[in-house]
Amino acid sequence: MQRLLAPARRVLQVKRVMQESSLSPAHLLPAAQQRFSTIPPAPLAKTDTWPKDVGILALEVYFPAQYVDQTDLEKFNNVEAGKYTVGLGQTRMGFCSVQEDINSLCLTVVQRLMERTKLPWDAVGRLEVGTETIIDKSKAVKTVLMELFQDSGNTDIEGIDTTNACYGGTASLFNAANWMESSYWDGRYALVVCGDIAVYPSGNARPTGGAGAVAMLIGPKAPLVLEQGLRGTHMENAYDFYKPNLASEYPLVDGKLSIQCYLRALDRCYAAYRRKIQNQWKQAGNNQPFTLDDVQYMIFHTPFCKMVQKSLARLMFNDFLSSSSDKQNNLYKGLEAFKGLKLEETYTNKDVDKALLKASLDMFNKKTKASLYLSTNNGNMYTSSLYGCLASLLSHHSAQELAGSRIGAFSYGSGLAASFFSFRVSKDASPGSPLEKLVSSVSDLPKRLDSRRRMSPEEFTEIMNQREQFYHKVNFSPPGDTSNLFPGTWYLERVDEMHRRKYARRPV
């Protein structure tokens, strides 16, 4: 198999292809030769300036082929009806059998993305994985994914795994954009992979699990552009959720502390983001304050769906406290009694929560509710949770509705690391445009979720017990029928006596 061309030779080849097609680098191939998402099939010619509009070109979502219904779990666990479905806002929870692990999830989602876009494997120059599902303390998931690039001869691929609870995917996305806007960029695309298996021991936390992976193709001239200079970040040392027991998949969780940490990080990230965007506006002659009115859609890391509704309400409270008295009285009806409070005094105030949820309900329905479809029906995907929300948002709106909008995003990982950032959506929603094709690519999300097999709580519990039994077991082949997997799914075929893992793929 031909080795990857050297960078200088590659750029010459790109120029020759462009010339033969009578195209400049700024244009696309003829319609008959276009890849999905209108992505050029060859690497981009590098220039001396920053590439324009770096962001998400294509997106792929993977989740397991089986789920347990939360109403069934409520009955099985002998809790009151609505504890999970209303209290947590969860309807179904996807889960993996012992045939799937973090490597197989990421293999599946990357191969699906590459096959759908028909992008040459040597067009990828960076691949980074965000995950907290650690099955080896040394060997990265990224090294396993390199198996997919073997036939292309492409071994010149930067990036490695990034880990900090649910934040690793966002760090990987930022790293990809930073690489592309640096002197180290060689003109090729970046792949960002986020994936996790969220499992808990039997008890109150188990219904907040889930599993899945998201792969994103990053490049210039994207339909979802990362807004430059607009990241508000907060990091601190906290033991709200952590995994010190390396012999178990299960975390240690301080639930109340974790919610407080999440909300505190949200407050501080939002303040930092507002400060930066207002500075940009001020330099452009605009002295208006930034509020949620300047964001058409808002997505969040989603440990459970009810948390997201509280988080949007929290952002409204930030806007309320920073606004003038006139605006507080006119724009934020029902919140007047709380204008003397400080943010840090309200994390456990149920009266504030109740008033905020009521005041922000219409905004939640317009800006955020559609983004929770995957989380509601599949559960918490940890690092990929935020980007599953992005896919859900795209799947529930037309390209015309999304065009020109700003999508705010809040990413949180316990321990803790958090960022508030934003995407600017392309204004071009015409048929065949990158935006229209990106939206179209995730339009089957509801249909795919409905195609999964419903498992009983007893079957779910048995599989959780199997995962405990086989965790770090050697010299075995996982039990199960591979025909129960979705077509094209990679699975763990065997673990040998030296812990080496072998994978196979179910035929498409």
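Note: Cβ is positioned from N, Cα and C throughout, glycine not excepted.
The active site, proton donor/acceptor annotation in Swiss-Prot covers Glu132 (among others), and the record cites sequence analysis as its basis. All chains included, 27 other C-beta atoms sit within 10 angstroms of the C-beta of Glu132 (active site, proton donor/acceptor).
Per Swiss-Prot, active site, acyl-thioester intermediate is recorded for Cys166. Around Cys166 (active site, acyl-thioester intermediate), taking its Cβ as the centre, 31 other Cβ atoms fall within 10 Å, counting all chains.
The active site, proton donor/acceptor annotation in Swiss-Prot covers His301 (among others) and rests on sequence analysis. Long-range neighbours of His301 (active site, proton donor/acceptor) (same chain, six or more residues apart, CB within less than 8 Å of its CB): Cys166, Ser385, Leu386, Phe410, Ser411, Tyr412, Gly413.
Per Swiss-Prot, (3S)-3-hydroxy-3-methylglutaryl-CoA binding site is recorded for Glu80, Ala81, Cys166, Asn204, Thr208, Ser258, His301, Lys310, Asn380, Ser414, and the stated evidence type is similarity to another entry. Within the same chain, residues at least six positions away from Lys310 (N6-acetyllysine) with a Cβ under 8 Å of its Cβ are Leu263, Asp353, Leu356, Leu357.
The Cβ neighbour count for Lys118 (N6-acetyllysine), using a 10 Å radius over every protein chain in view, is 13. Under the DSSP three-state reduction, Lys118 (N6-acetyllysine) is assigned to coil, being neither helix nor strand. Sequence annotations record features per position, and here Swiss-Prot assigns N6-acetyllysine to Lys118 (among others).
Lys221 (N6-succinyllysine) falls within neither a helix nor a strand when secondary structure is assigned with DSSP, and so counts as coil. For Lys221 (N6-succinyllysine), the Cβ neighbour count at a 10 Å cut-off comes to 20, with all displayed protein chains included. Here Swiss-Prot flags Lys221 (among others) as N6-succinyllysine, drawing on similarity to another entry.
Annotation source Swiss-Prot lists N6-succinyllysine at Lys256 (among others), citing similarity to another entry. Sequence-distant neighbours of Lys256 (N6-succinyllysine) (same chain, 6+ residues apart, CB-CB distance under 8 A): Thr348.
According to Swiss-Prot, the N6-acetyllysine annotation covers Lys256 (among others). Lys256 (N6-succinyllysine) falls within a helix when secondary structure is assigned with DSSP.
Summarising the annotation, Swiss-Prot assigns N6-acetyllysine to Lys310 (among others) and lists similarity to another entry as the type of evidence. In the three-state DSSP reading, Lys310 (N6-acetyllysine) counts as helix.
Per Swiss-Prot, the feature N6-succinyllysine maps to Lys310 (among others); the stated evidence is similarity to another entry.
Annotation source Swiss-Prot lists N6-acetyllysine at Lys350 (among others). Long-range Cβ neighbours of Lys350 (N6-acetyllysine) (same chain, at least 6 residues apart, Cβ-Cβ under 8 Å): none.
According to Swiss-Prot, the feature N6-succinyllysine maps to Lys354 (among others), an assignment based on similarity to another entry. The local packing around Lys354 (N6-succinyllysine), expressed as other Cβ atoms within 10 Å of its Cβ over all shown chains, amounts to 12. Secondary structure at Lys354 (N6-succinyllysine), taken from DSSP and collapsed to helix, strand or coil, is helix.
Annotated N6-acetyllysine per Swiss-Prot: Lys358 (among others), in sequence order, evidence recorded as similarity to another entry. Other Cβ atoms within 10 Å of the Cβ of Lys358 (N6-acetyllysine), summed over all protein chains shown, number 13.
The Cβ neighbour count for Ser433 (phosphoserine), using a 10 Å radius and every protein chain shown, is 18. Look at Ser433 (phosphoserine): DSSP puts it in coil. Here Swiss-Prot flags Ser433 (among others) as phosphoserine, drawing on similarity to another entry.
The phosphoserine annotation in Swiss-Prot covers Ser440 (among others). When secondary structure is read from DSSP and collapsed to three states, Ser440 (phosphoserine) falls in the helix class. Taking all protein chains in view, 17 other C-beta atoms sit within 10 angstroms of the C-beta of Ser440 (phosphoserine).
Positions annotated as N6-succinyllysine by Swiss-Prot: Lys473 (among others). DSSP assigns Lys473 (N6-succinyllysine) to coil in the three-state reduction, outside any helix or strand. Note on Lys473 (N6-succinyllysine): other Cβ atoms within 10 Å of its Cβ, all shown chains, come to 11.
A sphere of 10 angstroms centred on the C-beta of Asn380 ((3S)-3-hydroxy-3-methylglutaryl-CoA binding site) encloses 28 other C-beta atoms. Across the fold, the C-alpha of Thr208 ((3S)-3-hydroxy-3-methylglutaryl-CoA binding site) and the C-alpha of Lys358 (N6-acetyllysine) stand 24 Å from each other. Of the candidate recorded positions, Lys118, Lys221, Asn380, Lys473, the one lying closest to Ser433 (phosphoserine) when CA atoms are compared is Lys221.
Note on the binding-site residues Glu80, Thr208: the fewest other CB atoms within 10 A surround the CB of Glu80.
In three-state terms derived from DSSP, Cys166 (active site, acyl-thioester intermediate) belongs to an extended strand segment.
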